[in-house]
Amino acid sequence: MRSPRTRGRPGRPLSLLLALLCALRAKVCGASGQFELEILSMQNVNGELQNGNCCGGARNPGDRKCTRDECDTYFKVCLKEYQSRVTAGGPCSFGSGSTPVIGGNTFNLKASRGNDRNRIVLPFSFAWPRSYTLLVEAWDSSNDTIQPDSIIEKASHSGMINPSRQWQTLKQNTGIAHFEYQIRVTCDDHYYGFGCNKFCRPRDDFFGHYACDQNGNKTCMEGWMGPECNKAICRQGCSPKHGSCKLPGDCRCQYGWQGLYCDKCIPHPGCVHGTCNEPWQCLCETNWGGQLCDKDLNYCGTHQPCLNRGTCSNTGPDKYQCSCPEGYSGPNCEIAEHACLSDPCHNRGSCKETSSGFECECSPGWTGPTCSTNIDDCSPNNCSHGGTCQDLVNGFKCVCPPQWTGKTCQLDANECEAKPCVNARSCKNLIASYYCDCLPGWMGQNCDININDCLGQCQNDASCRDLVNGYRCICPPGYAGDHCERDIDECASNPCLNGGHCQNEINRFQCLCPTGFSGNLCQLDIDYCEPNPCQNGAQCYNRASDYFCKCPEDYEGKNCSHLKDHCRTTPCEVIDSCTVAMASNDTPEGVRYISSNVCGPHGKCKSESGGKFTCDCNKGFTGTYCHENINDCEGNPCTNGGTCIDGVNSYKCICSDGWEGAHCENNINDCSQNPCHYGGTCRDLVNDFYCDCKNGWKGKTCHSRDSQCDEATCNNGGTCYDEVDTFKCMCPGGWEGTTCNIARNSSCLPNPCHNGGTCVVNGDSFTCVCKEGWEGPICTQNTNDCSPHPCYNSGTCVDGDNWYRCECAPGFAGPDCRININECQSSPCAFGATCVDEINGYQCICPPGHSGAKCHEVSGRSCITMGRVILDGAKWDDDCNTCQCLNGRVACSKVWCGPRPCRLHKGHGECPNGQSCIPVLDDQCFVRPCTGAGECRSSSLQPVKTKCTSDSYYQDNCANITFTFNKEMMSPGLTTEHICSELRNLNILKNVSAEYSIYIACEPSLSANNEIHVAISAEDIRDDGNPVKEITDKIIDLVSKRDGNSSLIAAVAEVRVQRRPLKNRTDFLVPLLSSVLTVAWVCCLVTAFYWCVRKRRRKPSSHTHSAPEDNTTNNVREQLNQIKNPIEKHGANTVPIKDYENKNSKMSKIRTHNSEVEEDDMDKHQQKVRFAKQPVYTLVDREEKVPQRTPTKHPNWTNKQDNRDLESAQSLNRMEYIV
């Protein structure tokens, strides 16, 4: 069974894995920061919108001030990539936002800075490009969902801004309203650099031990190094090859090595007199041999065994032989025969022979058998206080440390005699030391170090100058005091005049002026013309609470900022490519010439022969239409690696790190802040500095006595190595230089920006500043200059690089195709004809006697009629007919016009000679009352009878039509003849009646008071055409489409036309069917006769006289089909057409007696009910079988009915049209 301790071990690797994932996640973060904007103040005195209207709607007629509520002001912000020519379109690629409603017409929020209501924060997660374009708009909230919000004023700004805690203030002082705002860019926590894309988070754990400096560079904690500061610095001197460490100051040896610094190898075990270069070697010392170096190869030299000046010779390992001098013998010459003869005593020693050899009496300072050993007078050490003893012959010498003196260093030395104190009041000798009494401001043993009195003294970003025993704070503007701790109150002197409120700010004040005053001190009456809001040279007139711009003739708008479109309201004439003529009352000629603006806003047009032109461009622009901004960066005027950004007839250099100036020609003095401590001398480098340290100080800034490396020595993750007299930085990839401060490979090489875009280096990333006409991260998206569509009158817009061209449709001209070309300008019409200009053409209205497209053709002979001369081709109306003169012959349409309507009370003159005004019969009054209505008739004029009979169809030379009218849409006093006269005057009869004689007669219906039966007949019918059918079809079409302006047609509710039945195509069945039908008919007659006889016998007194039948104009009742028009449902212009074929059937009614009142009344009642209750108007064409006619047989009326209910209707052949 596992112990709990054993089970818990997997948690440690898991925690390490999680920590590693967190570290990797932190590395993925590319950039993080935020763009902040704060609204400071708003001044919209009149409460107006950008279009000049009031926020509340109405104005006071007296002073023209807005009288209703103030504006509900809020702001919108759009942040996008840098644009040299700011355009409002396109996405807000860097972000957008808005505030809530924060005030009315005028407000000031400077005293409440930090309020989130007037602040807009746009976070970003990309490398901040430094260059930007900002659009700020003030809006009036409508506070409802119906009316849209309205814009008050807008401002745009393009520039550069680096991340900083400081605010940058911007103002909008033109237009309707003035407002002030401030912006800044700040990096999120742990993000640094100009692009907020340098990530550095302090840590002290397994993955690193470092802090972060103000530039985001990792500064390793003491004892650590490496890009991630996770490599411990070993004990100084530790062999980098054979030693390592996991903790600072440690030195752990590899296997086979030993020593304090792991620089000594371990020899072979048992090696006696040998060394090693690699572990486990035994390299013998001189005169030693053997596998373990334990064999003495120089026994004579090592042991000196031969005595009495005997000569020793090595004969083998550990072997020797002594050659004795005269008087001595023995293996080691130890036996003396005449020992003193050889003078064995050295160093002035005296020899005495003895029985065993000799004996030496040594002189002072020497000892040993032969007086060859110097007596060590330094043993024991006679020197005190750490003095070093040097042995002499019969004596010694003490070398004393500086603090001591005397023969045996027993006396204290006076160090003050050497005057070691530099900036001291006095020097005091101490035992084994001294003490310097330093002057104020100095420290150190010798009082040679100036005390840094500046640490933590100056406030509010003031700079401190260190003095001797003191400091001086150099305060930034707006602060005072010894420590710059006091904000100077600029309002103490009450500088604001005229009741203005003074608001104290840092190094300045602002006067909040009351209404009616302006200026820095509220000393001026508000002059709305200063600064001049009027553009394009317009003159500004100051008013009590507003201003007025008197615009030049070519501009319009509140501020004269919009180019006036003269051709919008006044006809224009194209003179040439540069000039357009327009009517004007300001010139004696009545014509003013204006520019066509073909060269755009940056050029002037010059006309040339042949309709050509050239553009004289303003400075900074070129191209056919002056649409191209000249690249002022060509030739690269920026030096020392600076990046050039092109402007309009100008350029701007963005300098590399370490350089400044208009052309980046000046090296920034990195020594200006005096970074070298303790008297070190600073030498300026490019984007770096070097400190020449003194008095034993070391490091990048002379801050340490122990190491050349400090936390800021190597930049950009470089690793610092202490090399005693100097330091060396090991730079990571992409950086070089003594302190890793120079980028090796620029992210702009090769240039990633397309289409002439400028690449700006931003750390290890880049930003593209695109030329006009291009946009996108790398300037690959062509700006759509055709959006919104600038070409009028169906002109085609051709998009170019920062330009567009309108290709006009035929008949139009001008840069935006707004001008209709006057084709009548060349006077193309002949003989004084009138020319009417049209789009891409013209029309000539010819004078009498001329014809043709240009009236150059002379017409034929004139006509003389009714005593008047009529020119050839002329037309005139003659009652209901139209006449025309055709080469001397008068040709008129042939429509019978009927009796002329007249008014009884007007007396003579209304009727032609021989006719009189006869009152209209009561049954002829269609829309009552018809008081005073009459018709012109003569006693000799007989009524015209048409050739229509009850079995006539409009395929013949006759048509029977029944019109049902909506009398509510008709004027009172209309007679049947009035309606018939309007039908005869329809334009559709003009062309048809020129070839045929047309007769139209009308009778009121006896079955319904809102119906009129119309009979149309024609004479002179030819085989190649049927005018009656054509007229009938045109009338049906006119009613169904509600065509024309006739009030009569508009009042028609239903039309019924009698159709011809289809002929049987099976010819051989005709005789058979005729026989069958004849027999059947006879049977029916017999049956009917029998039934009538029986009925009369049952009811002999039930018969009465029947009402006269409605036979149209011939007293014959037609068999009709329904024509209905759905105008009440679908309107008067268009009517949908539907096919309801096979959905209706005929309901037959058989009548056996012509005089039966019940059946006749029932028939009339059914018609009235049917016509009165059908609200939907339909047009029905029906073809049906016609029963055989008898003199007493009346045609059947048919109702629409579902054909699925009557099987008998399946044999009928019909056609229906619903219009």
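Just so you know, glycine gets a Cβ as well, placed from its N, Cα and C.
Per Swiss-Prot, the stretch carrying the note region 'Important for interaction with NOTCH1' among 199-207, 658-666, 946-954 is 199-207. Between Asn217, Asn585, Swiss-Prot assigns N-linked glycosylation site to Asn217; no such entry appears for the others, which is not proof they lack it. The disulfide entry in Swiss-Prot for Cys671 points, among Cys655, Cys682, to Cys682. The candidates are Asn382, Asn1111; Swiss-Prot tags Asn382 with the feature N-linked glycosylation site. Looking at the candidates Cys808, Cys829, Swiss-Prot gives Cys808 as the cysteine bonded to Cys817 by a disulfide. Disulfide annotation in Swiss-Prot: Cys855 is bonded to Cys846, selected among Cys835, Cys846. Broken down by DSSP into helix, strand and coil, the domain 'EGF-like 7' (450-485) contains 0 helix, 13 strand, 23 coil. Within the model, the domain 'EGF-like 14' (744-780) carries an average pLDDT of 77. Among the recorded stretches 230-263, 667-703, 782-818, 820-856, the one sharing the largest number of Cβ pairs closer than 8 Å with the domain 'EGF-like 7' (450-485) is 667-703. Among residues of the same chain six or more beyond the domain 'EGF-like 11' (629-665), those with a C-beta under 8 A of the stretch's C-beta atoms are 82, 84, 130-131, 160, 619-622, 686-688, 741, 748, 756, 758-761, 769, 771-772, 802. Within the chain carrying the domain 'EGF-like 15' (782-818), a Cβ under 8 angstroms from the stretch's Cβ atoms is held by residues 87, 89-90, 565, 567-568, 572, 574, 580, 596-598, 600, 623, 625, 627-629, 755, 771-775, 838-841, all 6 or more beyond its ends. Same-chain neighbours of the domain 'EGF-like 5' (374-410): 364-367, 431-433, counting only residues six or more beyond its ends whose CB sits under 8 Å from a CB of the stretch.
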